[in-house]
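Trainee: Take a look at the following structure, please.
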Amino acid sequence: MQTWSSVAVPRVPGTSRPLRLYDTATGQIRPTAPGRVAKMYVCGITPYDATHLGHAATYLAFDLVHRLWLDAGHEVHYVQNVTDIDDPLLERAERDSEDWVVLGLRETALFREDMEALRVLPPRDFVGAVESIPEVVEMIEKLLASGAAYRVDDPEYPDVYFDRSFTGRFGYESNYDDETMRAIFPERGGDPDRPGKRDPLDALLWRVERPGEPAWDSSLGRGRPGWHIECSAIALKHLGIGFDVQGGGSDLVFPHHEFSAAHAEAMTGEHPFARHYVHAGMIGLDGEKMSKSKGNLVFVSRLRADDVDPSAIRLALFAGHYRDDREWTDELLKQANSRLARWREAVSLPSGPDAEATVDRLRDHLADDLDTPKALAAVDAWVDEALRHRSGTVGSESAPALVRAAVDSLLGVVL
C-alpha cells in the first residue's frame, strides 16, 4: 500500500534523552534502548469508517515515539498495517450495499489524508492484510506442522485455530487471568462457542470460505485469514522477532496483541515478539469510549472541514497523558486553540527568554513515558515569560526560533 507524505523534522540543538516507555507486559517504565535502527509496529485501522479522535490519539502518541527516536539519532523503521479484510468491514459494506473493496480503499485514502494533515510521520511500510495473505498462509502452515495449530473437526468448515497452550507463555503480554480473558474475548472478535475448538480461547487463524464471503486460494483451502495472524506475519516479515515497540490502543492488549505475540513466538521458537508492548488510552465523548460501534464519534476529517487547525488537535490530545482514558470536549479544543495562539505570538517576538533550559525540560518530560502534560507546561512557562516582556528586549534573539524548532521537531506542532 502507498503511505502518506512526510514532513521535514528540524534538527534541535542540545542533547537528546533516552526514551523510556511503560511496558504492559512487565508493568514497568523501562528504556526502549533500540539499536541504530529503532523498530516499531503499530496496529492500523479497519477501514470501514473515517478516522476518529480515538484513532488520532493513538497514532499521535506513537508519532512522538518516532520523533524522539529521530531526535536521539536513530533511523526508524516503522510498520503499520491496514486490516482491509475483516468482519466489521464486510458487515458495513453489506449494510450500505457497497462493495467492500471500494469501501476499504476510500476509507484508507481518507485515513492517509487525516494522518498527513495531522503531520504524523508516515510508516516506512504501510501494509494491507490482503496483500500479506501469502505470508499468512506460509506462517499457518508452519504452525500446523509444529502442532501449534489445528483444524476443527467440521467437514463443512474445517477452520484452522491456534492452540493457545502451545508456547507455555500465553498471557504474559496482558497479564490477564483466564476469567478476564473469557469475559473480553467474545467482545473483541473472539468465538468461544465455536464447536470443535480445544479451548474456548483458541484464536482463529484461517476461516474456510463461506457462501457470499470473499476468499482466496491457498494450500489451506479457499478462505481468509484471522485477525491476529495478519499482524504477526506482517511484523515478522518487515521487522523480525524482537523488535522494539508493539503499539496500539489499550483495547488491543487482549486478545489481539496477546495472540499476535503468541503466534510469532510459536512459529519462531523465540521470545519476545516485541521488547515493549505500549498501549494508548481511550478517548471518550459524553462519558463513553469513542468507538465506531457506539457511533459517538468526532471525526478528524469533520474537524478539518470546520477549519480546525491540526496543531490545535495535537495540543488538545497532548493535554492528557497518552496512557490515560480521557474525554474530548469543546472546552478542551478551545483551550488548545488558546494555547496555540499564545505560543505562536511568543515565537513571533524578536527575542525571548533563554530557551535552552526549556528545550531540556521538553526533552526530559517527553522521554519520561511521553509526559505531554508536563512537556506542554514547560513550553507554557517560557511563553508566559516571553509575553510578559514583549515590549522590551529580553534574553536572546535566537530563543523564539529555538522554541519553534523544538516544538515542531518533538511535538509536531507548527508555530
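Here the Cβ of each residue, glycine as well, is placed from N, Cα and C on the backbone.
What Swiss-Prot lists as Zn(2+) binding site is Cys43, Cys231, His256, and the listing cites sequence analysis. Sequence annotations record features per position, and here Swiss-Prot assigns L-cysteinyl-5'-AMP binding site to Cys43, Gly44, Ile45, Thr46, Thr58, Asn81, Val82, Thr83, Trp227, Gly249, Ser250, Asp251, Ile283 based on sequence analysis. What Swiss-Prot records for 45-55 is motif ''HIGH' region', and it gives sequence analysis as the kind of evidence. Residues annotated as motif ''ERGGDP' region' in Swiss-Prot: 187-192. The motif ''KMSKS' region' annotation in Swiss-Prot covers 289-293.
How buried are these features, and what lies next to them?
Mentor: Cys43 (Zn(2+) binding site) carries neither a helix nor a strand DSSP state and counts as coil. Every protein chain considered, the tally of other Cβ atoms within 10 Å of the Cβ of Cys43 (Zn(2+) binding site) stands at 23.
Sequence-distant neighbours of the motif ''HIGH' region' (45-55) (same chain, 6+ residues past either end, Cβ-Cβ under 8 Å): 82-84, 86, 88-89, 91-93, 103-108, 110-111, 114-115, 249, 282-283, 289-292, 297-302, 313, 317, 328.
Sequence-distant contacts of the motif ''ERGGDP' region' (187-192), counting only residues of its own chain at least 6 positions beyond either end whose CB sits under 8 Å from a CB of the stretch, comprise 87, 200-201, 203-204, 227, 251, 254-256.
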Trainee: Taking just the CA atoms, what is the gap between Cys43 (Zn(2+) binding site) and Val82 (L-cysteinyl-5'-AMP binding site) in Å?
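Mentor: Their Cα atoms are separated by 8 Å.
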Trainee: Pop the Cα-Cα gap between His256 (Zn(2+) binding site) and Trp227 (L-cysteinyl-5'-AMP binding site) into the table, whole Å please.
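Mentor: On Cα coordinates alone, these residues lie 8 Å apart.
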Trainee: Which of these binding-site residues is closest to His256 (Zn(2+) binding site) if you go by CA atoms: Ile45, Thr58, Val82, Ser250, Ile283?
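Mentor: For His256 (Zn(2+) binding site), the closest Cα among Ile45, Thr58, Val82, Ser250, Ile283 is found at Ser250.
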Trainee: Using a Cβ-Cβ cut-off under 8 angstroms and a sequence gap of six or more, which residues of the chain neighbour Ile45 (L-cysteinyl-5'-AMP binding site)?
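Mentor: Result: Thr51, His55, Val82, Thr83, Glu107, Thr108, Phe111.
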Trainee: Just to verify a number: CA distance, Ile283 (L-cysteinyl-5'-AMP binding site) to Cys231 (Zn(2+) binding site), in angstrom, no decimals.
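Mentor: Each residue's Cα considered, Ile283 (L-cysteinyl-5'-AMP binding site) and Cys231 (Zn(2+) binding site) end up 24 Å apart.
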Trainee: Starting from the Cβ of Val82 (L-cysteinyl-5'-AMP binding site), draw a 10 Å sphere and report how many other Cβ atoms land inside it.
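Mentor: Within a 10 Å radius of the Cβ of Val82 (L-cysteinyl-5'-AMP binding site) lie 25 other Cβ atoms.
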Trainee: Under DSSP, the motif ''ERGGDP' region' (187-192) has how many residues in helix, strand and coil?
Mentor: 2 helix, 0 strand, 4 coil
